[in-house]
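Chemist: Swiss-Prot feature annotations, pasted as is:
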type	residues	note
BINDING	Gly163, Arg164, Ser165, Ser188, Ile229	NADP(+) binding site
Amino acid sequence: MKILDGKATSAKVKAEVKERASALKNAGIEPALAVILVGSDKASQTYVAAKQKACEASGIRSVMHKLPQTTSQNELLALINVLNLDDSIDGILVQLPLPAHIDTTSVLETIWPQKDVDGFHAENVGKLVSGLDGFVPCTPLGIMRILKEYGIDVAGLNAVVIGRSNIVGKPMASLLLNASATVTITHSKTRNLKQICSAADLIVAAIGKPNFVTADMVKEGAIVIDVGINRLDDGRLVGDVDFEAVAPKSSFITPVPGGVGPMTIAMLLSNTIRSAQNRAKNLGIVKE
């Protein structure tokens with residue numbers, strides 16, 4: 001069994017981002033990410049602060065917009081349109097969840113696809129499914145980077161994705177399919193889940209239930225990717241996989257914390273730099 005170290009891999013990605021940001025600045029382009037936070041949700045504030053800190057450490061300018069809980073949908077859309085038109089902004093991120101009176105889909109669809117560094121816009125989703133070049137959601141993109149870092153080729157593998165969210169499950173399945181894995185997506189209505197998982201060479205657990213994947217669901221030598229971050233009543237953080245029981249059976253496994261989690265912000269930075277490079281290319285400043 002080998003641990004897939006997300007901390008080490010994310011540090012490598014951030015170093016690459018910093019180097020690319022420096023090159024862009026030398027060419028007269030300052031990469032910039034606009035982050036919009038509506039309301040005062042504590043978890044969202046923590047995530048936003050982590051993203052800001054990561055931007056600053058990597059040479060990306062972070063532009064923060066904190067809006068009150070009472071902000072109307074039209075006010076939020078108006079701000080997004082201003083940022084769309086601002087040529088100095090490369091990426092726009094709206095921290096989710098949004099207050100109940102705001103339609104999330106309308107908000108995400110208002111962000112221009114070329115600035116949609118979260119990869120949630122329908123155009124980017126369509127490009128991913130079609131195997132075209134676009135922005136990909138950060139968590140599944142980070143998982144693919146970890147697999148690549150450890151020399152794991154998914155082509156021909158039987159892969160099972162547990163969970164069908166738009167943020168992780170569906171894009172993860174598309175990425176694996178594009179990489180020539182044979183993919184099964186399972187969810188709350190799936191029958192014979194244990195049987196399906198037991199035949200998998202690769203399992204990606206993204207269901208949001210602590211210790212959901214048990215040893216009897218995993219075959220010997222399987223690769224196990226744990227996307228879950230669940231806090232137990234005793235304060236411990238655990239994933240969707242029963243790590244202690246599953247790890248001895250697996251060939252590779254991601255821990256929680258320190259596995260997939262660190263990769264999400266790293267790939268957000270990577271997507272932002274990619275957008276900035278596109279801006280520089282469009283301006284004729286760089287050729288690649």
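Using the three backbone atoms N, Cα and C, a Cβ is placed for every residue, glycine included.
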Chemist: With Cβ-Cβ distance below 8 Å and at least 6 positions apart along the chain, what are the contacts of Gly163 (NADP(+) binding site)? List them in sequence order.
Modeler: Gly169, Thr186, His187, Val204, Ala205, Ala206, Ile207, Gly208, Val227
Chemist: Tell me the coarse DSSP state (helix, strand, coil) of Ile229 (NADP(+) binding site).
Modeler: coil
Chemist: Within 10 Å of the Cβ of Arg164 (NADP(+) binding site), how many other Cβ atoms can be counted across all chains shown?
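Modeler: Result for Arg164 (NADP(+) binding site): 18 neighbouring Cβ atoms inside 10 Å.
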Chemist: How many neighbouring Cβ atoms, not counting its own, are there within 10 Å of the Cβ of Ile229 (NADP(+) binding site)?
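Modeler: Neighbour count, Cβ to Cβ under the 10 Å cut-off: 16.
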Chemist: If you count the C-beta atoms lying within 10 Å of each candidate's C-beta, which of the binding-site residues Ser165, Ser188 ends up with the smallest number?
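Modeler: Looking at the binding-site residues Ser165, Ser188, the Cβ with the fewest others within 10 Å is that of Ser188.
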